């Protein structure tokens, strides 16, 4: 769906509407043509989206990708407003989003284990039902080469304070850093992803 004006009525979640809903505006501050997504899109340009200028997440969470077919740098979006590109990333490498997909959040429990070396070897840090803004504060260095997610959905960050490149971790095993999309095996903070629709207390509010 594409229109040439804002759709403020959509800002209110309607009963019986999709479990996932995101509106892309081609200009900053929710201006210009808008396009609504309720499911995955591997190539926004093929869907008629010329540029992603701002994003309104009505029901999420979602992950956006720098390249088509869900590749390249990742950007995690939870319910809320993102008026320009620096409200969803501070990595400064790219302001381009070409693909989106919803993130399934089906667990209230959260457990993740991050390992220094590939194939789950070396030193490790285990995190259960908590957000960790700095691994150094917990006595763990920054090298993370493999990850095991036992429950919940997480996002790891290259730097402390939830900054830098973002890496989405869904339930499963990531035997080396390439499997979670990292060019270098470095993660220094991690937090849980919760569906704000149901977990208001766990809502994440970025601080610019």
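Each Cβ is built from the backbone N, Cα and C atoms, and glycine gets one as well.
TrEMBL has this to say about the protein:
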DOMAIN    20-59  domain 'Beta/gamma crystallin 'Greek key''
DOMAIN    60-104  domain 'Beta/gamma crystallin 'Greek key''
DOMAIN    110-151  domain 'Beta/gamma crystallin 'Greek key''
DOMAIN    152-194  domain 'Beta/gamma crystallin 'Greek key''
Quick test of the contact rule: Cβ under 8 Å, at least six residues beyond the ends. What residues does that give for the domain 'Beta/gamma crystallin 'Greek key'' (60-104)?
19-22, 28-30, 37, 39-45, 52-54, 153, 155, 158, 163-168, 170, 181, 193-197, 203-204, 206, 208
Helix, strand, coil residue numbers for the domain 'Beta/gamma crystallin 'Greek key'' (152-194) per DSSP?
4 helix, 21 strand, 18 coil
Could you give me the DSSP helix, strand and coil counts for the domain 'Beta/gamma crystallin 'Greek key'' (110-151)?
6 helix, 23 strand, 13 coil
